[in-house]
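Chemist: I have a structure I would like to understand better, so I am pasting it below and will then ask my questions one at a time.
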Amino acid sequence: MVHKLILVRHGQSEWNSKNLFTGWVDVKLSEQGKKEAKRAGELLKESGLKPDILFTSLLTRAIQTADIALEEADMLYLPVVRSWRLNERHYGALQGKDKAETLEKYGPVQFKTWRRSYDVPPPPIENTSKFSQFGDARYSTVDPAVLPATESLELVIKRMLPFYQDVIAKELLAGKTVLVAAHGNSLRGLVKYLKHISDDDIANLNIPTGIPLVIELDDDLKLIKEPYYLDPEAAVAGAAAVAAQGQKK
Ligand SMILES: O=C(O)[C@@H](CO)OP(=O)(O)O
């Protein structure tokens with residue numbers, strides 16, 4: 001049978017619109033982000049896809065996106081599982097920093113290395129930073145030893161993939177259509193894994209906000225065909241906008 005996995009990156013957040021590195025900082029959707037989430041719901045409804053279960057990160061912007069989209073699609077009844085393992089990449093000491101200023105201060109090579117290299121994490125954040133999640137109650141059930149103070153994409157994949165393989169894959173194999181609402185970098189990691197994208201080439205993959213990406217898998221959970229966005233034109237423009245972040249507007 002064809003197993004269907006639908007990925008959606010949260011709509012524009014307040015910090016996406018301000019061009020700040022966000023990571024695990026729990027910002028909300030901007031007004032535009034709410035519109036994008038509603039559009040994601042319309043696209044889902046029009047597509048006729050019927051998710052059976054929703055997975056989200058523990059971050060408000062992903063939760064809000066799923067709620068708004070599912071309300072629009074008349075599917076707020078879906079069972080939900082949330083996990084920190086679907087969270088955005090922890091951006092370490094860059095959290096709260098302006099992307100354009102960081103680009104100017106450190107230059108394009110270091111900036112791209114921090115944003116898009118596979119295995120170079122930014123410097124870790126101090127527990128005392130106002131942008132640290134140290135002591136945040138939402139992670140109280142997670143072993144402190146595995147909670148990051150910074151992450152590369154490689155580290156994101158290491159903590160996200162067990163959740164995909166052990167929990168999400170089980171639902172897919174049981175014949176459920178799965179919707180995942182998460183983040184630019186946690187979803188880049190999942191797409192890298194499913195499409196076997198190389199460590200170098202993944203630098204060029206950017207996921208647009210608020211446009212569902214449909215992935216069809218066989219019984220071994222291998223790709224049947226190229227994943228497709230429910231609004232391909234908007235996805236191209238959205239991905240280009242993400243790639244261009246950092247440049248002054
Ligand atoms: O700031 C962040 O957390 C992420 C996603 O918004 O940004 P980037 O695309 O630069 O990895």
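Cβ atoms are placed via backbone N, Cα and C, with glycine included.
Heads up, TrEMBL stuff is auto-annotated, nobody curated it.
Features from TrEMBL:
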{"type": "ACT_SITE", "residues": "His10", "note": "active site, tele-phosphohistidine intermediate"}
{"type": "ACT_SITE", "residues": "Glu88", "note": "active site, proton donor/acceptor"}
{"type": "BINDING", "residues": "9-16, 22-23, Arg61, 88-91, Lys99, 115-116, 184-185", "note": "substrate binding site"}
{"type": "SITE", "residues": "His183", "note": "site 'Transition state stabilizer'"}
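Could you place these features in context, so I can see how deep they sit and what lies close by?
Modeler: For His10 (active site, tele-phosphohistidine intermediate), the Cβ neighbour count at a 10 Å cut-off comes to 33, with all displayed protein chains included.
In the three-state DSSP classification, Glu88 (active site, proton donor/acceptor) falls within coil.
Under DSSP, Gln12 (substrate binding site) is assigned to coil, being neither helix nor strand in the three-state scheme. Under a cutoff of 8 A between CB atoms, and with a sequence separation of 6+ in the same chain, the neighbours of Gln12 (substrate binding site) are Leu29, Ser30, Gln32, Gly33, Glu36, Thr209, Gly210.
Secondary structure at His183 (site 'Transition state stabilizer'), as computed by DSSP, is coil. If you take the C-beta of His183 (site 'Transition state stabilizer') and look for same-chain residues 6 or more apart in sequence within under 8 angstroms, you find Arg9, His10, Ser57, Leu59, Arg61, Ala62, Leu86, Asn87, Glu88, Arg89.
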Chemist: Please go through the recorded positions Trp15, Gly23, Glu88 one by one and keep those whose C-beta falls under 6 A from any atom of ligand 1; give the result in sequence order.
Modeler: Gly23, Glu88
Chemist: Three-state secondary structure of Lys99 (substrate binding site) from DSSP?
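Modeler: DSSP assigns Lys99 (substrate binding site) to helix.
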Chemist: If you count CB neighbours within 10 Å, which one among the binding-site residues Gly23, Gly184 has the smallest count?
Modeler: Gly184
Chemist: By a simple count, how many Cβ atoms lie within 10 Å of the Cβ of Trp15 (substrate binding site), its own Cβ left out?
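Modeler: Its Cβ has 19 other Cβ atoms within 10 Å.
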Chemist: Under 8 Å Cβ-Cβ from Lys99 (substrate binding site), six or more apart in the same chain: what's there?
Modeler: Asn19, Leu20, Phe21, Phe111, Gln245, Gly246
